[in-house]
Ligand code: HDE
């Protein structure tokens, strides 16, 4: 090894020598530790008592009290003792056995051995972000909740998105409902809106939740399959629970394979209450509407993404925030007067039903912007604990028997997951306003509550800890009048299980209906028990006979008779339920566009299209058979971003092929490039090719010849016209109506 020239090289050399020298290396360690000690003064200091003090305006400031930056610091034990050798255990002799007394080794390994906590029993896989909610106007006529009390009022939020069935390490793009949990750090305490991206649920009563989840999770004997409902036990349970049919229609639709978290709607699902200062209560349903529109993946694409980029959704969320293309949603409410609760012909307390937006419009009340990624996945995303019971004055629950069960489950589950009752003290969970009560002790207690008095009433503390009446902000449950016999029964008003499933089906566009049919064919095709398939088909006949027939045809069985049903309410189709008919903005901001090129590319054409797409907010990546620079046809150079083999078509929204004879020829000779365009076509994405590059598309079997009009494919145009059409095509998201796509082998 040559002698180090700089102090930095000396540090590296010293560190690597210590790895081999053991304690002898201690003599050189001073050189490593000394500059770090000097840095120590800048280390973030731990926070003071958390329960005391004035309100903190901002959650990031609050979390900053707990952050610590290790870079540049002296390496120490948890007791603050500086560590001289972090490479070798303490041994009896250079080649001898390890010594039990090695406290440095034991502290390190003990911490490591206990690094994992139980994953969430459901919603284990998730990703989160910080942001802000801004109220549009005073909502005081509806609710006394202070975070909705005035126009422009800003409240910090932390939002966690998740899949439900898969384990923590499963793929983001599994067919599943997505969790959409929002924690508002309001100035009156934390309010959690723990919702999903689908407005209804599988079951009506919480007592069935463990059965539903057992049936959906991997089967009990072999723990197969992971993060998939395409198996016997799920469909066995579902087919025996007709109340799940409405939700099943949503799960089989493209809602269950979103393009991005930022392109999903969110729903509170249950009917909640809002109560104003006068004590008037109204029913509300919560809706989050993404400003980027609601978009899905193709099912084949979602399955391939599960292997090619299992982190597709969490990467998209984090990247968008880094690029300052902040994900945004409007929060809206559907409001129903108590007196109108029975006018819909279904029960507002039944979580398998929705109120069509055409019957009760969604009123926008504020906007949420996610603008900061968490610093630490475990500390924030994993340890955040949501709870439907985290309510603030002015918002309350109803008697929905599903919601009532959730009121128990969320705190209960954290006791195991987060190891005791003090999880509210974890920085991501603690409120921004002061909190004081007489709850004490327990595992991992952080707050050092001073004084003798830990009970109430007491005359010793003057003044004592005090209740706050509702008139001054105390929470009081809505005094709903209740009477009735103690029963274990389901109300008859919950009995119509099919009418809204039919409403959903009839509200879908033709391609969306086709996707539902294909999803059912796929899932039931994986079911091995014939009786389960038949029972499910009998339920589907109640939704729509044609739907059942199209599924039955592929399952190779005749359509069975309908299963028994109660009720048959007719609804007008609701365009708001369709991801396509609802209408989406045509913006291409944040859309990922692959440019396929090779040496000899027409660099001027490439740069011109790239400039226009980038100006419109899209993210362009040049993919080529090799990294470095491409030689342009006219002597220029084009920087390559990625290899064609490392970035598959499924991670992009559209494909552009620039001209240049040699480039097009090389791409035609590359199986990866040909597969790339075929697959993008099959997944209904926008494709564009300049000049001779349409050869690549034709060669791949894509109808791209001059004069061919295939939705979303642009060829034979000059650069300006092509860019305009390509941008419009990308804005449509997917060209599902493309007839030829399913015959393409990819
Ligand atoms: Fe949950 N649910 N849930 N759930 N849920 C959990 O709480 C539960 C339901 C939802 O990102 C658990 O902290 C029961 C509906 C989300 O941390 C657990 C019932 C909706 C998340 C639990 C339901 C949800 C959870 C597991 C039926 C949409 C993830 C870990 C009565 C409105 C929150 C945890 C996060 C998580 C119980 C049904 C949404 C076990 C008993 C309906 C978004 O407490």
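Cβ from N, Cα, C; glycine included.
In the record from TrEMBL, residues 160, 209, 406, 410, 417 bind heme; the candidate from 116, 120, 363 listed for the same site is 120.
Max Cα-Cα distance over the annotated heme binders (120, 160, 209, 406, 410, 417) is 21 Å. Here residue 196 (active site) is positioned 11 angstrom away from residue 160 (heme binding site), judged by their C-alpha atoms. A C-beta separation below 8 Å, combined with a sequence spacing of at least six in one chain, links residue 123 (active site) to 162, 163, 164, 179, 181. Using a 10 Å radius centred on the Cβ of residue 417 (heme binding site) and all shown protein chains, the other Cβ atoms total 16. On a Cα basis, residue 196 (active site) lies 15 Å away from residue 410 (heme binding site). Packing around residue 410 (heme binding site) is summarised by its Cβ count: 16 other Cβ atoms lie within 10 angstroms of its Cβ, all protein chains included. Spatially close to residue 209 (heme binding site) yet at least six residues away along the chain are 203, 402, 405, 409, judged by Cβ distances under 8 angstroms. Taking the Cα atom of each, residue 406 (heme binding site) and residue 196 (active site) are about 14 angstrom apart. Taken residue by residue with DSSP, residue 196 (active site) is part of a strand.
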